[in-house]
Amino acid sequence: MDLETGTYKNLVKRESWRTVLTLAYQSLGIVYGDLSTSPLYVFKSTFAEDIDHSETNEEIYGVLSFVFWTITLVPLIKYVFIVLKADDNGEGGTFALYSLLCRHARVSSLPNNQLADEELSSYKKEISIDPDPTKFGSRLKSTLEKHRVLQRILLILALVGACMVIGDGILTPAISVFSAVSGVEQLAMPKEHHKYIEVPIACVILIGLFALQHYGTHRVGFLFAPVVILWLFTISAIGLYNIFQWNPHVYQALSPYYMYNFLNKTQKRGWMSLGGILLCITGSEAMFADLGHSSQLSIKIAFTTFVYPSLILAYMGQAAYLSRHHMRADDYDVGFYVSVPDRIKFPVVVIAILAAVVGSQAIITGTFSIINQCSSLGCFPRVKVVHTSTSIHGQIYIPEINWILMILCLAVTIGFRDTRRLGNASGLAVITVMLVTTCLMSVVMVLCWHQSIFRAICFVFFFGTIEALYFAASLIKFLEGAWVPIALALFFMIVMYIWHFGTLKKYEFDLQNKVSVDWLLSLGPNLGIVRVRGVGLIHTELVSGIPAIFSHFVTNLPAFHQVLVFLCVKSVPVPHVEHEERFLLGHVGPREYRVYRCIVRYGYRDVHKDDMEFEKDLFCSIAEFIRTQKSNTNGTDEPSANDNEKMMVVRTPSTSTEGIHMWEDNLDNTEMIATLEEKDVHPPEVKRTRKRVRFIVPESPKIDRGAEEELEDLMEARESGVAYILGHSYVKAKQGSSLMKKLAINYGYEFLRRNSRASTHALSVPHASTLEVGMGYHV
């Protein structure tokens, strides 16, 4: 599998049933770990405080009915049969929906979009046959493109969903591990000692879980699916046993009548308890968010044939047991482990802890993924991303985020110390993400699927009403734990907004102060300065024009390299960019200036190479561009500024065997080696070379003399070495700016910029060859 493109997932979707079933098996460990552990805490959280378990069993039957219909309507109907279809080239999640909208309407927050980006093979659009411009979808697209307020609302919706996923990554490990550990208490210790053992064991497991993240899930991934399968088989078998042993007629409680009866009897207390029932669908969003690791069909098969029946049997079994055991009043009477037979309680506790760890692992990896996506789209400070697997796409590790998550997870575990408040917090985070998905899906249905507005309204009204009911029930518990995800989301939203605002303003400043190509043409072939040997690699965020740091550098040091490359590494609103479409090359000025622009495009889920292979691909792509570009009619015409901005997609040796290949070694030897079958372009001999470089050019098609000289200059410059010129900016708010803007730019953005990774994340930049050009910005 190509780590860069992640094409494996696209190839398997139309494979045999064996492949589909294999993916379905793998999805049990990757996708359903969180959802499958929900029986550990649903009944306990629901009956924790608001309602009591009476002898009439109306409360138990009502909760079971709510659980059954909630699992049926939300994960099964909404996600499996509707939302999974809204994939973005095989990827899912909040940002996949936002990416679809960005491609069907110009609502993207990325300021460096180009028309060439729409020619990417992954930039496909689902269009209707002969679309009518008078339809509501066309009017909605026009409205979104005209009003920046609506564009900001869409972005904020996507960011709110991302922030709540991060909050879920903190709360889910806490409640899953804490609930699983609670079974240890009931084995062989008095109740008064529970508080002394429960929290320490949970904290030790959580510390170990986060400490092992840097190894990557691929090292223990083969255990994930068997653990979840064993857990689901265990809870469904216990459920069947309890049903036949205690109450074979419990299936009658699946009737919607018991929901009405439950709310009618419990009134306000029953409505407030819905926050606990909501936890039965925690992890449902993972079916869509983790779609890139599997396929639609495999996820549907795994859920409908195994996960869904197992969960329903588990909840029915708990209700059957509790319907015959309601003598005591302490809250452990409605916990999961009370319904487990004593003879198998210990192995069930062990399996539950393993399943909780697997579920927590999945949500932590998902948190890393969502933060990486936010960073790629310019909505989160740049962080170090470590790819822990060369064969499994998307397995990443972010050290800074991992330790922040661990500290916050331990803080909520120690601070709350019970599943009730942890459940209130987790429930609000879960339902908020689902509401965001529902809102974005309604726009996707109209704008991308070209469905009628009536269907979109029905979708929002039906599922939005269900989720709004649960959201209100969770929000009412604000002081009892629900404030935690709100506080976390608010913190991350502030960070994201400040970073996005500062980045956008900085780019706008660069765009307004860029130097035109005409200024470059006026300098003449020598650019008015001394040209020294070597390659000057200038990193810039601009996709056109000359960055201000270039003129600033030339003003202070009138000497530059014989070959200049303006390098822009940017993200595009697609999940993956095929490697053969990654490099976009063009000349800046006439050919004899030896100045190039290279735009390197990555998708929001792509792996950014951080090794010398990137540099090799870069120079091979420039050489291939020189070989394949169209020459002027007479070879001497001065092109205009518009001509110089024409770009072309160039393949690299990583993806094409027909183009130019580069050979190099580190020996100081001026002797050239001839090739027998291929044409060899030699640079002039030099007595002192740090690296010997040779481009191997195919015999066909023939290249003209001008291109050959250009290749010789590029090889000579590459042999002399590469200097990396980076802009080092100091951003300040303009005089007269508002207090909020000054705080955001002068303190917030500057703090984040100083403590984030450099923007040259795709380069392996040696410090000895780095030159920083300092500039001040007033935005």
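From the backbone N, Cα and C atoms, a Cβ is placed for every residue, glycine too.
As recorded in TrEMBL, the features of this protein are as follows:
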{"type": "DOMAIN", "residues": "23-521", "note": "domain 'K+ potassium transporter integral membrane'"}
{"type": "DOMAIN", "residues": "534-777", "note": "domain 'K+ potassium transporter C-terminal'"}
{"type": "TRANSMEM", "residues": "60-81", "note": "transmembrane segment"}
{"type": "TRANSMEM", "residues": "153-176", "note": "transmembrane segment"}
{"type": "TRANSMEM", "residues": "222-244", "note": "transmembrane segment"}
{"type": "TRANSMEM", "residues": "270-289", "note": "transmembrane segment"}
{"type": "TRANSMEM", "residues": "301-321", "note": "transmembrane segment"}
{"type": "TRANSMEM", "residues": "346-371", "note": "transmembrane segment"}
{"type": "TRANSMEM", "residues": "392-416", "note": "transmembrane segment"}
{"type": "TRANSMEM", "residues": "428-449", "note": "transmembrane segment"}
{"type": "TRANSMEM", "residues": "456-476", "note": "transmembrane segment"}
{"type": "TRANSMEM", "residues": "482-499", "note": "transmembrane segment"}
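Non-local neighbours of the transmembrane segment (392-416) in the same chain are 1, 3, 6, 8-9, 169-171, 173-174, 177-178, 199, 202-203, 206-207, 210-211, 213-214, 216-218, 221, 292-293, 364-365, 367-369, 371-372, 383-386, 422, 425, 481, 484, 488, 605, 607; each lies 6+ residues outside the stretch with a CB under 8 Å from one of its CB atoms. Two recorded stretches are said to be in contact when at least 3 C-beta pairs lie under 8 angstroms, sequence spacing 6 or more; the transmembrane segment (482-499) and the transmembrane segment (346-371) fall short of this definition. As a quick check, the transmembrane segment (222-244) and the transmembrane segment (346-371) clear the bar of 3 or more Cβ pairs under 8 A, pairs 6 or more apart, so the two touch.
Nonlocal intrachain contacts for the transmembrane segment (346-371), taken as residues 6+ away from its ends with a CB within less than 8 angstroms of a stretch CB, comprise 29-31, 33-37, 40, 93-95, 162, 165-166, 168-169, 172-173, 176-177, 179-181, 183-184, 187, 205-206, 209-210, 213, 217, 223-224, 227-228, 230-231, 234, 238, 283, 286, 289-290, 336-337, 340, 380, 383, 385, 394-398, 401-402, 405, 605.
A Cβ distance under 8 Å defines the sequence-distant neighbours of the transmembrane segment (153-176), meaning residues of its chain 6+ beyond its ends; these are 34, 37, 40-41, 94-95, 97-98, 101, 107, 109, 144, 202, 206, 209, 282-283, 285, 289, 356, 359-360, 363-364, 366-367, 370-371, 373-374, 379, 405, 408-409, 412-413, 416, 419, 422-423, 425-426, 429-430, 432-433, 436-437, 439-440, 443, 484-485, 488-489, 492-493, 496-497. Sequence-distant contacts of the transmembrane segment (428-449), counting only residues of its own chain at least 6 positions beyond either end whose CB sits under 8 Å from a CB of the stretch, comprise 74, 78, 82-83, 86, 94, 97-98, 100-101, 104-105, 125-126, 136-137, 140-141, 144, 154, 157-158, 160-161, 164-165, 167-168, 171, 275, 278-279, 281-285, 288, 455-457, 459-460, 463-464, 467-468, 470-471, 474-475, 477, 482, 485-486, 489. Within the same chain, residues 70, 73-74, 78, 82, 271-275, 277-278, 424, 427-428, 431-432, 434-435, 438-439, 441-443, 445-446, 482 sit at least 6 positions outside the transmembrane segment (456-476) and bring their C-beta atoms closer than 8 Å to a C-beta of that stretch.
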